[in-house]
Amino acid sequence: MAIDFKQDILAPVAQDFAAMDQFINEGISSKVALVMSVSKHVVEAGGKRMRPIMCLLAAYACGETNLKHAQKLAAIIEMLHTATLVHDDVVDESGLRRGRPTANATWNNQTAVLVGDFLIARAFDLLVDLDNMILLKDFSTGTCEIAEGEVLQLQAQHQPDTTEDIYLQIIHGKTSRLFELATEGAAILAGKPEYREPLRRFAGHFGNAFQIIDDILDYTSDADTLGKNIGDDLMEGKPTLPLIAAMQNTQGEQRDLIRRSIATGGTSQLEQVIAIVQNSGALDYCHKRATEETERALQALEILPESTYRQALVNLTRLALDRIQ
């Protein structure tokens, strides 16, 4: 039976989700009109808001009863996520995000960077309101690690010798770490330290699977579905897992073509590279790795007591994998 996002995932925290939106709207308020305009633009471009939903579900799965604290933490997660996307778009020179013009394309790089900084600062301002030093320390360290992941990705650009281990380090920092903050933070907030590690492992494996799936879709989907241009990763010279696996499975001219494409970037040979990726067994390997990460995520969840909220986290995990079924 197909999983319905609204009914099987969002419904248990729908009221809290609406309250979280209010915290976000308050969080992006500013005396500077341009800051508010840009913040509103990027926040409204949000997708399904999986990270704050995961945060709310994890909080309730841990037995959290303080609704306002959980709602505020979810808003903090979404503001941090939005800030990283704004900065990503500047670094990647992206003009499109989820089918909408990016902040840097609509205004300019300088404005986008500064508003991203504002969103991070405001998120920590809200975090201080929660009055929990363990939570504050976790988020401070985690935010540094997210930035380090982005720098690692920058270092790996145009480097065809990037290994799968390095790729996993990159995606842990740039993607999985914020998922970990969302769920581990919920356990801290709920005063349930025994659930910190299981929820961190769940979110880490979920984030890995989620990013691998995203990287698969860059070679199998279309611009309308992705909300960005097909082949963006290749154009930017990013050695993602489909390319790394394709190089492992090929030799001679095919392997050399992928290496050159990573080294130079651009999309002049995109069709040939897509064909090699699709015919080399690389996508099968990526699918296998995404499935393994998903299974590990689900195993970690088993430590939590049974509840509607835990089941919704299971549903979310399975739905993420369904994107490539």
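One-based numbering along the chain as shown.
Glycine is no exception: its Cβ is also placed from the backbone N, Cα and C atoms.
On a predicted model such as this, the values are computed, not experimentally measured, just so you know.
Binding of isopentenyl diphosphate is attributed by Swiss-Prot to K48, R51, R98, and the same site annotation extends, among H41, H81, H87, to H81.
Across the residues annotated as binding isopentenyl diphosphate (K48, R51, H81, R98), the widest Cα-Cα separation comes to 16 Å. In the three-state DSSP assignment, the secondary structure recorded for R97 (all-trans-polyprenyl diphosphate binding site) is strand. Taking the centre of the Cβ atoms of K48, R51, H81, R98 as the isopentenyl diphosphate site, the nearby residues of that chain (Cβ within 8 Å, site residues left out) are G46, G47, R49, M50, E78. Note on R51 (isopentenyl diphosphate binding site): other Cβ atoms within 10 Å of its Cβ, all shown chains, come to 22. The two recorded residues, H81 (isopentenyl diphosphate binding site) and R97 (all-trans-polyprenyl diphosphate binding site), show a Cα separation of 13 Å. D88 (Mg(2+) 1 binding site) sits 10 Å from K174 (all-trans-polyprenyl diphosphate binding site), taking the Cα positions as reference.
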